[in-house]
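Below is one structure; the comments refer to it alone.
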Amino acid sequence: MIQSFLKQVSTKPELIILVLMVMIIAMLIIPLPTYLVDFLIGLNIVLAILVFMGSFYIERILSFSTFPSVLLITTLFRLALSISTSRLILVDADAGKIITTFGQFVIGDSLAVGFVIFSIVTVVQFIVITKGSERVAEVAARFSLDGMPGKQMSIDADLKAGIIDAAGAKERRSILERESQLYGSFDGAMKFIKGDAIAGIIIIFVNLIGGISVGMSQHGMSLSGALSTYTILTIGDGLVSQIPALLISISAGFIVTRVNGDSDNMGRNIMSQIFGNPFVLIVTSALALAIGMLPGFPFFVFFLIAVTLTALFYYKKVVEKEKSLSESDSSGYTGTFDIDNSHDSSLAMIENLDAISSETVPLILLFAENKINANDMEGLIERIRSQFFIDYGVRLPTILYRTSNELKVDDIVLLINEVRADSFNIYFDKVCITDENGDIDALGIPVVSTSYNERVISWVDVSYTENLTNIDAKIKSAQDEFYHQLSQALLNNINEIFGIQETKNMLDQFENRYPDLLKEVFRHVTIQRISEVLQRLLGENISVRNLKLIMESLALWAPREKDVITLVEHVRASLSRYICSKIAVSGEIKVVMLSGYIEDAIRKGIRQTSGGSFLNMDIEVSDEVMETLAHALRELRNAKKNFVLLVSVDIRRFVKRLIDNRFKSILVISYAEIDEAYTINVLKTI
């Protein structure tokens, strides 16, 4: 029979709960022997500890969604157990070893001390923990219900924007509904704890007063004997009931005060957040030391605390820094291997391969060996990331730097996703001049010339800075020139750095300030199209920091225009003032215009399809137009004139694509992007 029952339990674990409920009902009616009461008291304590530990280690509130039901069952079990122990106390003046031991241990030689300790435990549970948890549950339930419509709308918006699919939306709605029901259940379930605490107090007085009366009238005890016996039993019974109740109350407090969204358990979150800020640790350490110096205070106690906090401070600042560096080293494998004609294998070996992420490292800079100082380079990279965000509104991923024995002293190589993307010649011990000046040769200043994107860069020793200032040469530091070249390389490959996930992260922050605007944009544009718009803007050196203006433009034009390329042109027109401010000099924009013949030739080559528009010119016409443009643009470049190409709005993107291979650094703008506050200086019409 037992074997059959165990087999049923293994397939139907709910039978355990059913048996427990039947046992609780039986405890209300049937008198129990003391040894069985001891077992049930021990079971009650262990169950309370089990619930306490379970609530402590949950990672989100839905991980313990059965807690209100568990709370009801444990409360009923505890009250039924109190009835059984009260029956034993009043009838036999004996409630088992556990209750007697608890009472004797707490009371000791003083009944007054025992009452005080028991009163403190009861007050802490009833007034502090239970009342606080009850209030938190009430507020959480109200806010959960009030926030449901907004959360439902957010799920619908994500579904329309293509961020989630129908299955994901269904799962989110299910989670939202379960959370709302759970918070509502908590609001009522906390009344169980409150009622249990009140019932426990009443049972204590009944056992004490009734026990003394029964002891004197039925058991022939003296007043002092009855008072001593029943006080020990009453306080012992109260403690074995209140301690599990206290653990359950704390468990309820843990769950209702937990904030959803954290991936770790509560203990880990508490430790990481309290001790996560090194500055707080060192300040607290100093204050602890100062308190220890006050007259009459035990200095050694506070000194020990201060030393512990200081040790934690150094652990955070030094050990974790080294740990982060080692983790960044192992985040991806950037090594190479060579295969030669020898018989020996030269395949690379990676230690602990399974622990390494399969993702590539987004950005790596390779320097020549013995060329970089770690502290200086970390500072420079952080300044580059900060300036790039200021200039273009994009947060770059962490940039790692490595050394290579294959590079020349002043060579730097940029790897994007561990593949070579660009290289630079930067002389960090010199200054650079970006415009050629004949007076430099006349002064006899030694110059090292390099080029980047058709720009000739002259590098001069720092000692000649004063001489260069006297001839009005445009001087730039090596760090600034490195940032300029690196930023251009990053923008040329922006599609690999800034994609849908980065766009989503940016829009999540934007939604906190402009939720209605973003909701309107998502009605007509998916996040994929928004990402493409931002990529195209960044690819032509246009900042996306003014995201509000970009979203306003998308909200205006997206309902009428489905072609992403055309949408970009409308966004560029809305950013005209910012585009002009970047290319103008003293309020003037120097431009080169295209003749009607060339514009018509390009316009005739545009083809419209369901997938969008593209340029498909005849080879002869394309070569003729390209040669004409190349010849004229090269002449202007040789004349050292800074200019942009000004064309009609309908062909701007196609002209940019046409000249991109030969003249990538030349900006192409349309008439719609000229702000009325700026004047146009036409250098030439091609």
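Cβ coordinates come from backbone N, Cα and C, glycine included.
Marked as transmembrane segment by Swiss-Prot on the basis of sequence analysis: 28-52, 105-129, 197-216, 232-256, 274-292, 299-315.
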Intrachain residues whose Cβ lies under 8 Å of the transmembrane segment (105-129), provided they are six or more past its termini: 194, 197-198, 200-201, 204, 227-228, 231-232, 235-236, 238-239, 242-243, 245-246, 249-250, 253
Candidate ranges 28-52, 197-216, 232-256, 299-315 - greatest C-beta contact count to the transmembrane segment (274-292) (under 8 angstroms): 299-315
In contact by Cβ distance (the transmembrane segment (299-315), the transmembrane segment (28-52); 3 or more pairs under 8 Å): no
